[in-house]
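S.K.: Sharing the feature lines straight out of Swiss-Prot:
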BINDING   Asp360, Asn362, Ser364, Asp366, Glu371  Ca(2+) 1 binding site
COMPBIAS  206-216  compositional bias 'Polar residues'
DOMAIN    34-86  domain 'Kazal-like'
DOMAIN    213-281  domain 'Thyroglobulin type-1 2'
DOMAIN    384-419  domain 'EF-hand 2'
CARBOHYD  Asn206  N-linked glycosylation site
CARBOHYD  Asn362  N-linked glycosylation site
REGION    147-228  region 'Disordered'
REGION    416-446  region 'Disordered'
Amino acid sequence: MLLPQLCWLPLLAGLLPPVPAQKFSALTFLRVDQDKDKDCSLDCAGSPQKPLCASDGRTFLSRCEFQRAKCKDPQLEIAYRGNCKDVSRCVAERKYTQEQARKEFQQVFIPECNDDGTYSQVQCHSYTGYCWCVTPNGRPISGTAVAHKTPRCPGSVNEKLPQREGTGKTDDAAAPALETQPQGDEEDIASRYPTLWTEQVKSRQNKTNKNSVSSCDQEHQSALEEAKQPKNDNVVIPECAHGGLYKPVQCHPSTGYCWCVLVDTGRPIPGTSTRYEQPKCDNTARAHPAKARDLYKGRQLQGCPGAKKHEFLTSVLDALSTDMVHAASDPSSSSGRLSEPDPSHTLEERVVHWYFKLLDKNSSGDIGKKEIKPFKRFLRKKSKPKKCVKKFVEYCDVNNDKSISVQELMGCLGVAKEDGKADTKKRHTPRGHAESTSNRQPRKQG
């Protein structure tokens, strides 16, 4: 059974105020005292089922599962063999978190227990001032979190909470929503449950004018303004990439938790949270898989305005199309082995996919710093106007992660699909056609 303490960690991660006198980054909390190659993702599917009660009050079904958890929390020890007794869970958790508070950080949440070992009905985090209701076995009750006062712990979770005077809003308007049935592993918790940061993003986006496009930059600015207000030390400020997107990795420095988010909305991705290390995140993960071209709508290419930009993109695609045709017709060319084309792809899409695979030497799904060099040489040699070349790679890297995905390459070249059709408006037909890959001669531009 999952320890309730783990359910509250992401909640508290959002509530903890940042340390004022020191700057942190995601790399600050990378684990350095353990073997970098240490694997905490053991497969325990076939392990013998012999329950163990750990020092934090959790029951592990096998020694393998315990070792997997201990890998992430070296302080964890085996208390005794067999299932943990429910009556002692609160006491065990309290003892464990008190030890954590002494050794790690003072802001850790420490539960309150009744004389019979069950959890007290009201639990509070003194460092942040938030209180909420729990069941006798420690499960948080949804919708009961309030700031700087004692919540009404209902017989029914649907009972209304007290309202602020004159506002008509409940006290938990800015508080995180708590769940009554937590499920999942420890590494899931910070992303599976709504964090205060998520709730803040939702709140700010709801206040945004419906006619305007919400972006990370706007949320970042709003968070900075909120942080200036009295008693708003718990505001979490999102990290932003270029183009109004969120950085794929978001972290809370005070606790060392990091998680992956959808770059267009900032919402956490379930199952991605880690502690004291950066998770591996998809730089293109989106809530709404948008047309790649939309990311570049209105995006300025420095030194290459309007008609010059159109001329430049046309020359790049024209040269790439010609190179693909020549590669396909030259048996000695290492790049001539073309994969079977997707029948739904237009010529320009086939060209971009072909060239992307050519550059992506390690098949990682993106073009890294070293792999991008041939593309830069290609642009300098075969495209015009030359003024458009200088900043084009930076223009393509819309999320500023120093690499280019196939979606970014298609988008910055203006060939992303829109309603099932490629964006080929106003563009001249490329000089060489990929029909030669089907044993047909390339059609010359008339």
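Cβ from N, Cα, C; glycine included.
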S.K.: Using a 10 Å radius around its CB, how many other CB atoms surround Glu371 (Ca(2+) 1 binding site)?
M.R.: 18
S.K.: DSSP-wise, what's the residue breakdown of the domain 'Kazal-like' (34-86) into helix, strand and coil?
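M.R.: Output for the domain 'Kazal-like' (34-86) reads 11 helix, 9 strand, 33 coil.
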S.K.: What is the three-state DSSP composition of the domain 'EF-hand 2' (384-419), stated as helix, strand and coil residue counts?
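M.R.: Residue counts for the domain 'EF-hand 2' (384-419) by secondary structure: 15 helix, 4 strand, 17 coil.
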S.K.: Using the CB centroid of Asp360, Asn362, Ser364, Asp366, Glu371 as the Ca(2+) 1 site centre, which other residues of the same chain sit with their CB within 8 A?
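M.R.: Filtered neighbour residues, in order: Leu359, Lys361, Ser363, Gly365, Ile367, Gly368, Ser403.
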S.K.: Let me check the 10 A CB neighbour count of Asn362 (Ca(2+) 1 binding site). How many other CB atoms are there?
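M.R.: Within a 10 Å radius of the Cβ of Asn362 (Ca(2+) 1 binding site) lie 10 other Cβ atoms.
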S.K.: Restricting to the chain of Asp366 (Ca(2+) 1 binding site) and a gap of 6 or more, list residues whose Cβ falls under 8 Å of its Cβ, or answer none.
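M.R.: In sequence order, Asn283, Asp360, Ser403, Ile404, Ser405, Val406 meet the Cβ cut-off.
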S.K.: List every residue in the same chain as Ser364 (Ca(2+) 1 binding site), at least 6 positions away in sequence, whose Cβ is under 8 Å from its Cβ.
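M.R.: Listed in sequence order, there are none.
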S.K.: Specify the count of other C-beta atoms within 10 Å of the C-beta of Asp360 (Ca(2+) 1 binding site).
M.R.: 18
